[in-house]
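Here is what TrEMBL says about this protein:
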type: DOMAIN; residues: A:29-249; note: domain 'MacB-like periplasmic core'
type: TRANSMEM; residues: A:30-50; note: transmembrane segment
type: TRANSMEM; residues: A:285-312; note: transmembrane segment
type: DOMAIN; residues: A:293-405; note: domain 'ABC3 transporter permease C-terminal'
type: TRANSMEM; residues: A:333-357; note: transmembrane segment
type: TRANSMEM; residues: A:377-395; note: transmembrane segment
């Protein structure tokens, strides 16, 4: 009990002396605080921006639908020899009903093929618009909603009707303020009648998901050439079934494509989730380097604190002697100097947090990077700063406490 | 006249055959060579000697700032010669009131805060601390200056603040190291009168000095030379060198 009381006294008195001493040396305090503050600010700004990137990337990926799979002869992220994939057999439209029959867990399925084309209406023209041929089930897979008109129907498919459903970017650009439904647009000088418009999905890795025109799959083939390899977009009932579906699909697709046992798969099952992993690998290294830079800055700040604390101990040698003579224990002196070091760092940490968050916010306002700082990062930053102060304060504090009171009292 | 034997009981201070050896650059320096004396409660004793006589070492040991190499030091019934650093800190806080030649006040704190300091380390509540510190400053007639910092006070006033700081924790003894050394003679006289009053009020005072004049004012003085006691007797006699050697073998 007595020990607990005296620790309380040590901490209270330590805190009082710390504040007193920091106020007495304002300029020094501000400079030391800046050192640690800049470290924390750098760290937080970098982490904030990277966390922002991650969050927005994952949010965008989620718009693909967590319950979707895309089967293709190409992987989404090609590693190594492109020709290896190029030379794989194409999927054929005839395989689709068979695949459907073999894989009853698939709730929606659509072939998907695309190209980039110029699209125009009246005098307005847009280039590099993705023209995508899909069937009537695609809406349920891709995660779009219809904002006006209707989606592609089975009968559009059957009679290869020249109809189009516009992505939000195209609709807004070509038809500002008016409804596009019922009007005719030109895609590479072919006329298509607009039957509907899609909701906005946003960007994935800075690429708009809304700069597209959907047309019936067969219409695409008859207008822009058959024989283009297509991928098969499919959805399962919910995200928890994706793994199971993937496993079963491998066997089904091998049978469908007549892959010999012992041969590797000659197709890829692409998932938004797999893209996230590739992305994480790419940003992981960047993240490491950035955090490393921030930590080095903090280290420099910490050394600054240690330096100042050593000066402070030297300046106050006699004071330490007096306090020891009047009954201060070694621990009291240690706590006093640790409190001083930790409070400078904590103030620096707080300042750094504010500046760091501010920087991340400003960056997110003036650039496409979306900063997103999580609470854990902020708390981590302040805690880490205080920890740095404590760590770098230990040595000076120990030096102060171990001064011989007799020598300290005599110190000039 | 006090006898130098170590047999005394009920004494406030009893040192028996104290030695203190320092090692300086590979050389052994024997600052105290078997010192024995006792001080009773309410006594006013001067410890005098030339520089190098061992009186500062004696003061550090008596003040529990240093521990003897050998021998025993009983303070208020407790053997403090083998105590740990933390235990000594408590003893200094409770049993000893220091008065230094250079006052040793904390320059950035007010007189009141300086006087409060020993009570802070005792863990006393702020309000009680303040009341006691004011009372101590009242004893040295400095209540009107309590919110001033040391650099706003005269030398005599600073020493009175230091005395108030020594008194505030109601210690068993006041230990003063050349208390008038940094003061002009008039102010020094003022401080000595204050000591006389404290002595009359029953305080135990131990005063370390090299000034015979000051020692002569004390009822008892102990003279140290080369780390040994060479005289112990009435202050006037010891100060003037009249008192004979009190310790066998000298």
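A Cβ is built for glycine as well, from the same backbone N, Cα and C atoms used for every other residue.
Beyond the transmembrane segment (A:30-50), the same-chain residues lying 6 or more positions past its ends with a Cβ under 8 Å from any Cβ of the stretch are 283, 286-287, 290-291, 293-295, 297-302, 304-305, 308, 344-345, 347-349, 351-353, 355-357, 359-360, 363-364, 369, 371-373, 377-378, 381-382, 384-385, 388-389. Note on the transmembrane segment (A:285-312): residues 21, 25, 28, 31-32, 35-40, 42-44, 46-47, 50, 337, 340-341, 344-345, 348, 384-385, 388-389, 391-393, 395-397, 399 of its chain, located 6 or more positions outside it, place their CB under 8 angstroms from a CB of the stretch. Shown for the domain 'ABC3 transporter permease C-terminal' (A:293-405): DSSP residue counts in helix, strand and coil, namely 97 helix, 0 strand, 16 coil.
As a whole-number mean, the pLDDT of the domain 'ABC3 transporter permease C-terminal' (A:293-405) in this prediction is 85. Residues 36, 39-40, 43-44, 47-48, 51, 298-299, 301-303, 305-306, 309-310, 337-338, 340-346, 348-350, 352-353, 356-357 of the same chain, all 6+ positions outside the transmembrane segment (A:377-395), place their C-beta atoms under 8 angstroms from a C-beta of that stretch.
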